Structure formats: structure tokens, C-alpha cells
Amino acid sequence: MSTFPAEPRSDIVNGHVESDFNYQTGTWSEPVFVQDHYLKVHGLAPGLNYGQQVFEGMKAYRDPNGQIQIFRPTDHALRMQRSCDAVSIPSIPESLFWASVNLAVAKNSEFVPPHASEAAMYIRPLAFGSGGWMPVAAGPQYKFVVYALPFCAYHGTLPVDAVVLEELDRAAPLGVGNVKVGGNYAPVLKWSDKARKEGFGITLHLDSKTRGEIDEFSTSGFVGIKYTESGGEKGYTLVVPNSQCIIKSVTSTSVVEVARSLGWRVEVRPIPYDELEFFDEVLAVGTAAMITSIRSITHRSKDQVFRYKTSDEPGSACEKLSRHLKGIQKGDEKDTFGWLKRVEEVTV
């Protein structure tokens, strides 16, 4: 008799999960597991033609007992609902979201990396207008899918150099920069590819209205760290932007809560561009990026380069936050926040 979860394997995943929206009943279908890597989609689907699509990114880890835990699924479900509302996709109930994510991971459980590995299983929920529909209006057919695959940190583990992206505004003040839609990412690809060829691992966005405040990195949230000292002991102040044009990052929120639990001071507020020179560390944080140290930030038109207290190794704040956050995610530290949800076996 086989055991659940299955032991890790080294080949590709088994398939994905699908659910379809029934416009006559106004409900989503029960999720089904499809043993295929491809979707059958109408060529005139609004998701392909008009960008009517939203997505999420989340992770599953094996704990020390071999069980599989998913990190903060409720937060991702709620964020996906906000994204759906922004582009007129029917809301995906939290119960359906969890059932679909659980099914996708359970049916691919042998591909969740071992506990001792630095890798995890990346989970990609995606929803889009799927039927043939020519009008520039919300159509009647939608599809919700969940993919999963083994994954390592997007930017690696070493500090990276960043550059301010001046050629493109990521989001307008009353736009959709605060939700996860593909249109926020595709226009950046050209510039991030160019930046990588020039030696910059990541691009940073300033606010589009004044270009005087920090918004976020193209792939992740921005966190600034200032060192403090009291009684001969080093302390930390963590500063994160509260711009209305940025994604509500689940990882950034988690970092803030971990920092507070460690007794660090936390400031959530607008961050002026001119404050960059006063940070001791800068971090890029996100589900795919994890917590990445920023070695430097370059602003070309101003001929400025801000260098931080990191060279070939992450700074002390980055190391502490990464250790505690990863410890919770992998079950090595007690989950006092209630962030983890265990994947249950699916027999059908």
C-alpha cells in the first residue's frame, strides 16, 4: 500500500488542475486534475486578446516529518479575489482556491523537493477569460487553473545589483499596479532583459507621478534596513513603502511580522528616493525572489550609485530574516503566526 505524500522523484510533474465558470448558474465547477501540461483555449479568448487574466505565486514545502505545508494560502486567495475584481473576472471562492491548490500539489506530491533541499514547489494559480469573445467587454466564459513545479530562488542567494528603471512607468496612480495581472509584467521584460545584459540583476521602480518615491522592484517588494545601536547591541529598523501602486506582497508582509516578533522597529510609509543613501541594507522580497540582498542601486540620469553593506554575502538583517522565515516555511521553527496549511491526500 502506497503512503501519502509520495517520496520525491526527479522527473517532470504529472499535470495541473482546471475549473470552469458556468455563466448560467454563476458558479465555478468542481476542480479536476488534468494529466497534461497544456490548456485548450479559444484563440479569441479575452485572456489572450485583451489581457483579462490574473495570477498568483505561492509555495509548498516538506516539513521535517515529510508532510507538505503550503505557506499562507488564505492571503493568496484573498489577493487573487482582489485581482479578479480589478479585471472583471468572477470571484474565486476561498474554498475553491484551496481545493484546487491542494489537489494540484497532492497529485504532484512526489515532486515536492526533500525537506533538506533549498528548493520548494512553486504553485501558480491562474484565471482568465477563456471563451471566444470579440467585444471589448466582460465575456461569459472563464477558466481557473493551478500549475505546480519544483523551484529554487529566482535571483539566487547572492547579493545583486539593481538599477532604477527610467524608461517605463510600471503603474499609474489610479491604475492596476496593486493587483497581479500580466499587464504589469510583460512591458518590463524588455528592460529587465537589457538590465541583466548590463550587469544588473533587478530593476527598481519609482512612483510614476513624481518619480520621487520608491515603489517596488519589478519582481518583488522593496525593504530598506537601517542599523541602530543601543547598549552596545545592534538593532534594526525595517522600512517598507505603503504606495497604493504596488502589490500587497505576502512575503513582504511576512517579513514585517517576523521583524516585529524579533523586536525590530518597523515603519510602513512613503520612502523618498533621497532616503536610499541612508539604508544599511536593501532587500528585494517576494515568493519567487524570497529575500535577496541588494548590493547597489544605480540611477543613471542622476549619475548616482548607492552601495550597501553587502558584498558577496547577504547582510546581517537579511540573514536573520531569511533564517526565521525559511525556518517557519519548512517547519523547522514553530509557526506561531498560523501561516502554514497542510496538504491533504486526494483519493479521486
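Every residue, even glycine, has its Cβ placed from backbone N, Cα and C.
Small disclaimer: the values here were computed from a predicted structure and weren't measured.
For reference, Swiss-Prot has these:
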BINDING   ARG79, GLU216  pyridoxal 5'-phosphate binding site
MOD_RES   LYS180  N6-(pyridoxal phosphate)lysine
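In the three-state DSSP scheme, ARG79 (pyridoxal 5'-phosphate binding site) falls into the helix class.
Under the three-state DSSP scheme, GLU216 (pyridoxal 5'-phosphate binding site) falls in the strand class.
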